[in-house]
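**Student:** First the structure, then my questions, so here it is.
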Amino acid sequence: MAELEALEFGKSDFVLLDEVNMEQFMENLKLRFEMGRIYTFIGEVVVSVNPYREMDIYGKEAISAYRGRELYENPPHLYAVADAAYKAMKRRAKDTCIVISGESGAGKTEASKYIMQYIAAITNPSQREEVESVKNVLLKSNCVLEAFGNAKTNRNDNSSRFGKYMDINFSFSGDPTGGHINNYLLEKVNEEQVGVHLIKRCVVCLQANSDQSSHRAVRTALKVIGFSEDEIESIYRVLATILLLGNIQFGTEEEIVQVEGDGEVVSHIAELTSTQPQQVEKALLFRTVATGGGDVIEKGHSEQEACFGREAFSKALYERLFGWIVGRINSVIEVKDYNPMLHGKNTVIGVLDIYGFEIFDNNSFEQFCINYCNEKLQQLFIELILRQEQEEYEREGVAWQHIEYFNNQIIVDLVEQNHKGILSMLDEACLSGGRVTDTVCLDSMSSRLAQHPHYTDRKLTPADKTMEFQKHFRIRHYAGDVTYSVEGFLDKNKDLLFQDFKRLMFNSTNPVLKDMWPDGGLSITEVTKRPQTAASLFKNSIVALVDKLSCKEPYYVRCVKPNEMKSPVLFDAARCQHQVAYLGLLENVRVRRAGFAYRQGYSRFLLRYKMTCEYTWPNHLMATDREAVEAIVTQHGFQDDVAYGHTKLFVRSPRSLFSLEQERAALIPILVLFLQKVWRGALARKRCRQLRAVYAIMGCYRKHKLKAHFLEVERRLANARNMADYGRGVEWPLPPAALAQFHDITVTWWAHQVVKRIPPSEVSEVRAKVAALGALDGARKAWGVGRPWERDYLANVRPDRSLDSSFLRVSKELKTRDQFGLVLFSGLCRKVNRFNKSTDRAVLITDKHLYKLEPRKQYKVLKRTPLDQLTGVSLTGGADQTVALHTTSQDDFLLYLQGGALWPGQDRAGELVGTKIQHFYAGFYEVCSMWNVKPSRNKKNKKSLWQNLVPLDKTVHFYLSKISIIISCKY
């Protein structure tokens with residue numbers, strides 16, 4: 001049951017037609033074709049109509065939609081039947097096959113390619129290299145086999161002139177491990193244009209752009225499969241040889257047959273085949289025969305025999321080439337070193353793409369074999385689908401009305417029955433002594449098959465003028481009446497290739513050609529057994545094919561050709577109805593319904609429709625699934641429209657199923673929302689429990705790590721108080737992340753012990769040096785850390801130094817007037833102006849102002865600048881005492897500090913910087929305390945503060961541990 005599509009697209013399954021008759025079947029088929037729905041189900045059979053245009057229904061999204069889904073869950077598609085075959089193979093470890101049938105031009109080759117692409121796309125999700133290699137070879141083999149085995153006919157631009165059956169081997173995990181290809185009846189000859197096109201499409205000298213791109217694709221495919229450059233070159237040599245053989249003409253001179261021309265063509269053929277020109281000419285003109293006494297003689301050909309030998313040689317060359325290509329591909333893709341005990345069960349999906357039923361204006365031996373093959377496949381379809389369908393009713397114990405259907409076994413027997421069939425008659429004619437012609441064979445068939453209801457000829461029906469005497473016979477196939485021309489039947493059935501050509505190719509120095517002709521190694525006296533006829537070989541291969549298919553679970557794709565014009569819009573109703581009739585599609589629908597349009601196992605039916613009944617949702621409490629199904633049927637009131645089998649429910653009318661589907665479709669959104677709600681709640685609760693567990697574990701682990709860290713610290717620093725350096729040399733353990741900041745503080749606890757020993761009078765100096773160290777460490781080597789900082793050098797009197805008493809007077813006056821509380825720094829300096837001129841000056845820095853003084857004029861105040869206008873201090877990284885004081889008015893001071901007469905080399909630049917930083921930092925904490933703001937200990941905040949005060953080339957953060965450096969230098 002395919003998922004319901006909109007009514008405008010018709011019924012997606014022919015089983016759901018209101019009435020099963022040809023008129024409704026054709027209306028539904030036409031409607032779906034016109035609406036772009038080229039696929040329709042008949043139960044599990046897919047009916048495919050060739051759209052004659054590209055359709056956007058084969059991409060990655062379509063593959064994802066059908067992957068792993070049941071047939072009825074999506075609209076009809078080739079992917080649906082491919083996935084069903086793959087699931088059956090993988091789930092039940094059962095070999096399956098997909099049989100693609102239909103007449104020439106119905107789209108079988110394209111269908112097989114899409115099926116192969118789908119299987120390749122859904123396998124090997126882990127992208128294992130060896131599996132991808134197998135997939136690539138399997139896909140590329142299609143391109144190569146199409147190039148050499150398909151041709152343009154008057155009914156199809158890409159007609160398969162051979163039958164192909166590919167077995168794809170899968171591992172127990174469902175990945176392809178290899179495969180094997182069987183080819184059936186490569187057509188040797190048909191109409192002249194077919195043979196020419198079959199060769200010309202493969203040769204190097206291609207003209208059209210499309211042919212050139214196709215040629216490149218074929219070469220690429222050959223390389224991917226594993227053909228070497230020498231092998232590819234040999235292929236083209238054989239193709240060129242076949243074309244050149246067609247240019248050879250024979251003439252007779254003095255009753256001796258000769259090759260016309262100057263021998264250039266023969267020499268070219270010899271060069272291509274790696275043989276001698278004399279040997280090529282001899283094989284074309286003579287035949288070696290062994291006499292009864294064991295003697296070997298050479299018999300010259302007549303002109304007609306030479307032409308016949310040339311044609312037979314050309315056909316054989318191409319046939320051997322094609323067979324060698326197939327064998328070469330098989331050698332690459334076959335499963336190697338397989339061990340069931342080691343690798344598990346090896347399952348198979350078979351894909352059959354074989355020529356469809358053909359009716360030409362002139363039907364010869366090839367069409368006879370092709371149509372016989374289709375009869376065998378139709379018989380298999382009847383056996384596996386129609387007959388098994390009715391056997392299922394008997395097996396389930398369901399009463400049903402027997403449906404009559406045409407069984408084509410009578411036609412199969414007409415062709416293949418031993419001693420009585422047409423193939424046996426052809427073999428008898430070929431193997432009998434004397435001169436038996438096609439006409440004699442036709443007379444024999446006429447007399448021995450005169451009473452057969454499906455055979456006739458002009459002799460048996462003289463009034464039928466559509467046939468000619470001694471030329472035509474007609475078989476009433478399941479697909480329709482086909483008239484065959486008996487001309488050439490016997491010649492095509494015989495293997496009339498002279499042994500001389502086989503020995504010529506076997507003796508070639510080209511190893512590829514030698515490998516194609518192993519039978520050429522026999523001497524003329526050893527070739528005694530008559531080879532099997534083409535009909536016998538074909539019959540045996542088809543019987544083997546049917547046996548191979550019959551042991552697998554079959555899936556069918558029935559292809560329909562909508563018109564003869566290859567038009568994407570034209571639907572030839574009469575043409576399509578003829579195909580529907582001979583494909584037995586209507587009988588398939590009738591048997592599928594047989595009074596019951598739908599059947600399903602109780603468990604699966606319950607799984608799909610249990611939400612429509614209150615007694616079965618979400619789970620039933622009844623004894624069996626059958627009772628639960630009966631409850632669903634009874635609640636919906638169509639208990640009179642069903643039958644209960646042993647394991648399945650059979651629904652008679654599609655309308656009953658529609659009512660269930662409609663109610664299910666209405667309930668699904670409600671159930672989805674309910675299930676989403678429940679599932680999301682379950683996920684949220686699960687997530688919450690997981691998070692709680694995670695946090696609990698994290699908390700316990702964090703406590704454990706903290707405890708372990710503190711215990712280790714305690715162990716290492718147990719005797720630190722008694723050490724001379726208070727444990728400064730002890731290596732601390734690496735702290736957990738939670739203790740990183742705590743570690744940065746406590747790791748310098750010993751510094752606090754040292755700080756306690758500093759006299760109160762020196763605390764301010766130490767703080768200033770710490771501030772200077774934080775700003776200048778790494779940026780300036782010498783900055784006066786090892787000497788006492790006196791700050792107010794102009795006011796401090798030394799015994800060996802005279803001090804102008806006027807400075808003290810000026811300092812007191814300024815303190816009274818400006819109300820400053822503290823002198824931060826004072827000293828002599830030289831001021832440099834913008835014109836690079838320097839003069840002696842003195843500088844006084846208080847906690848409120850910066851004063852520039854004239855020492856030679858009793859320290860007269862030359863300039864006073866509020867301290868809050870100071871924006872920064874700059875100094876160099878060398879030992880000089882140059883200091884730049886920056887202000888908001890950009891009227892900066894450039895000073896060179898002087899040590900005076902007693903300390904000419906004293907470094908006072910670091911003291912000025914440290915004193916000012918310490919003063920501003922103390923003011924920062926004072927403001928914070930006034931506003932009850934706790935100063936941030938974020939290093940970034942400190943950095944920005946210090947950078948505004950001291951923009952150095954490199955600003956270093958303040959660390960408490962650096963007190964130790966100051967103390968070491970001081971004490």
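Don't overthink the numbers, they just go from 1 along the chain as shown.
Backbone N, Cα and C define each Cβ position, glycine as well.
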**Student:** Which stretch does TrEMBL mark as region 'Actin-binding', out of 542-564, 772-794, 910-932?
**Tutor:** 542-564
**Student:** By DSSP, what is the split of the region 'Actin-binding' (542-564) into helix, strand and coil residues?
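**Tutor:** Reading the DSSP string over the region 'Actin-binding' (542-564) gives 9 helix, 8 strand, 6 coil.
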**Student:** My understanding is the cutoff is Cβ-Cβ under 8 Å with a sequence separation of 6 or more in the same chain; which residues meet that for Thr109 (ATP binding site)?
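**Tutor:** Same-chain residues close to Thr109 (ATP binding site) (Cβ under 8 Å, separated by 6 or more) are Glu146, Asn150, Asn158, Ser160, Asp353.
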**Student:** Give the number of CB atoms, excluding that of Lys108 (ATP binding site) itself, located within 10 Å of its CB.
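**Tutor:** So the number of other Cβ atoms within 10 Å of Lys108 (ATP binding site) is 27.
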**Student:** Just counting, how many other CB atoms are there within 10 A of the CB of Gly102 (ATP binding site)?
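**Tutor:** Excluding its own Cβ, the number within 10 Å is 25.
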**Student:** What is the Cβ neighbour count of Gly107 (ATP binding site) at a 10 Å cut-off, with all protein chains included?
**Tutor:** 25
